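K.L.:
This is the structure, below, for whatever I ask next.
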Amino acid sequence: MQKKDIGLATLVMTVGAIVAVMNPRFLSPINLANTANLIGLFGLFSIAEAFVIVTAGIELSIGSVIALIGVIFVDLIASFGVPWPVALAIVMALSATIGLLHGWLITRLKLQPFVVTLCGLLIYRGIARFYTRDGTAGFTFGSDFPMLEYLIAGRTAGVPHSVVAFLLVAVAAWFLLHRTVLGRHLFAVGKNPEAASFSGIDTTRVIIQAYVLCAFLTGISAVFFAMYTRSVQPSSHGNFYELYGIAAAVLGGFSLRGGEGSIIGVVLGVILLQVLQNLVNLLGIPSSLNFAVMGSVILAGVIADTQFSRYRDARRQAIAMAALEDGGKPQA
């Protein structure tokens, strides 16, 4: 674990202890199970966001993609009778295609990630609403998909499968980022794309892969959310989820400048956000303040990241100057 991860883990435990003292219901089995389920659901797309942020990019269309993919997945099964494994394959292929499109627009047409994904946010939300005629896509009363419901919304030994999926994805993402060539390339492109290009890294391919990974994981998250709610209202489903993902990634040490971050940090960031969310609910604070809390967390994370970077740069300069001074002294 990095120093940032240790500090964040300490913060999570401290906040959790404070919440438990303020309201003992926090430690009730039902509340812990519900909180764990939400950590799994929100954690999937938070890791997705991290893959893009590490390249100094941004993905603002996550919430809209979750709405669109959720609508299509539910409708394929409920309205067209498509077997759920086939429906799952279709929506996952569509998710990867969305990521491929974003990566192509950013690398080939040299468009800014902010612009591309902001347009995606509007386009996919609009398509989802048009597809359902602004209605709700959901399973009909009495519809039963036991295997699908068990795999996606079920539990094993009391552990929600969303948590199992989140942990599996987190382990795979950690290995990919920190133990593979692609992971090193992602960090290199985010840190300095020109230097990465001169060193022989295909920066275009790396960036496209980052957006495809992000969209693919977002598609998985969309399926979990669709089965969790069992209905999708395209005008509101997934609203502001991209901000949650950004907040979790920034809290986890992923710099918006790119080239830094830890998957363990993202996991801890997701947990911290859900604990804070739980605190808001348990204390009876109006839910309208949820976004204020999230915005404050993002701001605090960015400020902390900026100050840490300044401190680190100043320390490096001081060490370099000290080395030069020592090297310039005459030897006895």
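A Cβ is built for glycine as well, from the same backbone N, Cα and C atoms used for every other residue.
The structure displayed is predicted, hence computed values, not measured ones.
Take a look at what TrEMBL says about it:
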TRANSMEM  7-26  transmembrane segment
TRANSMEM  38-58  transmembrane segment
TRANSMEM  65-82  transmembrane segment
TRANSMEM  88-107  transmembrane segment
TRANSMEM  114-132  transmembrane segment
TRANSMEM  152-177  transmembrane segment
TRANSMEM  206-228  transmembrane segment
TRANSMEM  240-256  transmembrane segment
TRANSMEM  263-283  transmembrane segment
TRANSMEM  289-308  transmembrane segment
K.L.:
Using a cut-off of under 8 Å between C-beta atoms, tell me which stretch among 7-26, 38-58, 114-132, 206-228 contacts the transmembrane segment (263-283) the most.
P.N.:
7-26
K.L.:
What else in the chain is close to the transmembrane segment (114-132), if you only count residues 6 or more beyond its ends and a Cβ gap under 8 Å?
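P.N.:
Cβ under 8 Å, 6 or more out: 58-61, 63-65, 67-68, 71-72, 75, 98, 102, 105-106, 232, 234-235, 237, 242.
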K.L.:
Does the transmembrane segment (240-256) reach the transmembrane segment (88-107) with at least 3 CB pairs under 8 A, where each pair is 6 or more residues apart?
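P.N.:
No, since the transmembrane segment (240-256) and the transmembrane segment (88-107) share fewer than 3 Cβ pairs closer than 8 Å, they do not count as touching.
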K.L.:
Grab the same-chain neighbours of the transmembrane segment (289-308) for me: Cβ-Cβ under 8 Å, and only residues 6 or more beyond its ends, written as numbers and ranges.
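P.N.:
For the transmembrane segment (289-308), the far contacts come to 4, 240, 243-244, 246-247, 250-251, 253, 255-256, 272-273, 276-277, 280.
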K.L.:
For the transmembrane segment (38-58), which recorded stretch in the set 7-26, 88-107, 206-228 gives the largest number of Cβ pairs separated by under 8 Å?
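P.N.:
Going through each listed stretch, the top one turns out to be 206-228.
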K.L.:
Any residues 6+ beyond the ends of the transmembrane segment (206-228) with a Cβ under 8 Å from its own?
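P.N.:
Distal contacts: 37, 40-41, 44-45, 47-49, 51-52, 54-55, 57, 59, 62, 65-70, 73-74, 88, 91-92, 94-100, 102-104, 106-107, 148-149, 152-153, 162, 165, 169, 182, 185-186, 189, 196, 237-238.
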